[in-house]
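One structure below.
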Number of protein chains: 2
Amino acid sequence: MSRVYNFSAGPAVLPEEVLKEVADEMMDYRGCGMSVMEMSHRSKMFDDIIKEAEKDLRELMHIPDNYKVLFLQGGASQQFAMIPMNLMKNRVADYIVTGQWAKKAWQEAQKYGKANKIASSEDKTFSYIPDCSDLPVSEDADYVYICENNTIYGTKYKELPNTKGKILVSDVSSCFLSEPIDVTKYGLVYGGVQKNIGPAGMVIAIIREDLITEDVLPGTPTMLTYKTHADAGSLYNTPNCFCIYVCGKVFKWLKKMGGLEAMKERNEKKAAILYDFLDQSEMFHGTVEKKDRSLMNVPFVTGDKELDAKFVKESQEAGFENLKGHRTVGGMRASIYNAMPMEGVEALVAFMKKFEEENR
Amino acid sequence: MSRVYNFSAGPAVLPEEVLKEVADEMMDYRGCGMSVMEMSHRSKMFDDIIKEAEKDLRELMHIPDNYKVLFLQGGASQQFAMIPMNLMKNRVADYIVTGQWAKKAWQEAQKYGKANKIASSEDKTFSYIPDCSDLPVSEDADYVYICENNTIYGTKYKELPNTKGKILVSDVSSCFLSEPIDVTKYGLVYGGVQKNIGPAGMVIAIIREDLITEDVLPGTPTMLTYKTHADAGSLYNTPNCFCIYVCGKVFKWLKKMGGLEAMKERNEKKAAILYDFLDQSEMFHGTVEKKDRSLMNVPFVTGDKELDAKFVKESQEAGFENLKGHRTVGGMRASIYNAMPMEGVEALVAFMKKFEEENR
């Protein structure tokens, strides 16, 4: 077995010890004689798994009792519709568009009401986060929507927008559990798990109880109603059981690593290794405003497309996978989620230095 | 490692050799240095996995070229809304209600138009399939809907209903790939994979191309539009990659077993062992009309609740798991999907005989 350094933007690297445990338990989960994949979602065994996962997540994020934790299917893309269908009581919402995913969410919301774009950074290819301290928030807005970390562009909100009292809804898919957050600042905070937590096929939504109502837009499917899942403890129908199980193991791993405070420190150190190199390199440079840099996704370019392509090719041959940037940005992108070890980033920087020397 | 005989109705038993392969490939999928869970869904490696899975499924089911195969999230429960949202052009559809899942589908469809219940077997606790040779199919019905195998009640359509030229939509969750079907008889045939194919968290929908249109009901989410997924080869957003991978392995296993013709023969033999015993037992008896018996789900009772409970308890102690019947039917239920070995059913019958002798 030879593992590569996997810089994929998602699905992405998972902790090796988690994968080992999953492999070890595949034929027989803790003496029950079956795999978690074969287990009834109504069994005592699985009930323990889902309850323990929720408990550990609540501890990690300090989720208050008046918030529900929901394990849902369909990815963030399905939330783009589910959010307005459930929350757009006045049929008005404000969107801050800082990347492709926020834009898609904004476009989908237009099906359900007046979705206002109150700020955007599209003028500079989403390379920064706009000043959100005094935006023209709509008086009758049901919520203000953001995508907190922009996977493709490598930016992140360092401060949450001033929503002027309106509910904040945030997609944290690519920074989920990478650092502590104050859950009470959000009405709904959600993310796909396939970047920083587990295998693809699940979204975790953390939603304030008073926002969970039967009063949804006409025609909202039962499965797209938060109340359906909140009332049933995410077991209205068969959930993605295996994903919940793997995520639960990652929660345990995060607790063992010291929790989100420790992860933040570690992620800052890891990102600094790469950003410090980019800031002094004569060949490579970052593509976003320094103040808005993500700790998770680090896009960079040489400024020369052929050289970019050469780097991607040679890095892959050297065991660094998925460094090619998103097609809308070009160049390279290193996604360095929680499970990317420090040595992976150090090895990447060493390789970049060597490449720079050989190709200057 | 000691494996039990798992008679769960779903999630359910999977082929042991598939689980072994999955465990073996967990840290390093075929020399690529990562787990399938860590793989970008846009990578060449994953593209091979999803294409191969679709190809094998098409071969197994003889799916004609004018049908699309979609790998979707949200389970059958989400299809209950997705189907009317996409297919109810006249806002009229006919439902045949033969169990709880058909009933839920019918109820959900009422959100979107006139959903007529044109037949039902609820009068006798869904213990039979009504005569569907000459039903009052609505003239302007967009489709006729059935649930082909009723997991809870243990009945199955032995003949498809006469839809009088209307499109047939069928939920085959609990008989998926258990025997050959003629796909051309359906407009849409779909099922959750967590009973007969793989881990929970995915539905496979096989839909005739002319039914895939942009002309969906107003307010239909992008993610609940079949065209979104058909146009993107099930990669509009990140799918349940790991589930696709495991299902792909089960397709290979089915091909090795001789395909669906061989599975049918095997399933008939397996079910006969249990039904033949029930028909001659003085203690245990089946709960449904013989002509409508499912090959996959076999409910039975002793007629005495205390004895039922004793049987469930002692069978579990003897290594037979999940034999307790659904709460709406009571008694016992043995789900004997494709992956349940013949020996599992033989061992169960031997145990039942012994129990009958000891408790007569």
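Here the Cβ of each residue, glycine as well, is placed from N, Cα and C on the backbone.
Because TrEMBL annotations are produced automatically, they should be read as predictions rather than curated entries.
Take the pyridoxal 5'-phosphate site that TrEMBL assigns to A:Ala76, A:Ser77, A:Thr151, A:Asp171, A:Gln194, A:Asn237, A:Thr238: the candidate from A:Trp101, A:Trp106 listed for it is A:Trp101. Using a CB-CB cutoff of under 8 Å against chain B, the binding-site residues that qualify from A:Ser77, A:Thr151, A:Gln194, A:Thr238 are A:Ser77, A:Gln194, A:Thr238. Burial estimate for the binding-site residues (A:Ser77, A:Thr151, A:Gln194, A:Asn237, A:Thr238): highest at A:Gln194, by number of other CB atoms within 10 Å.
Mapped onto three states, the DSSP output places A:Gln194 (pyridoxal 5'-phosphate binding site) in coil. Rounded to a whole value, the Cα-Cα separation of A:Lys195 (N6-(pyridoxal phosphate)lysine) and A:Ala76 (pyridoxal 5'-phosphate binding site) is 12 Å.
With all protein chains in the displayed structure included, the most crowded Cβ environment within 10 Å among the recorded positions A:Arg42, A:Lys195 is that of A:Lys195. Pairwise Cα distances among A:Ala76, A:Ser77, A:Trp101, A:Thr151, A:Asp171, A:Gln194, A:Asn237, A:Thr238, the recorded pyridoxal 5'-phosphate-binding residues, top out at 31 Å.
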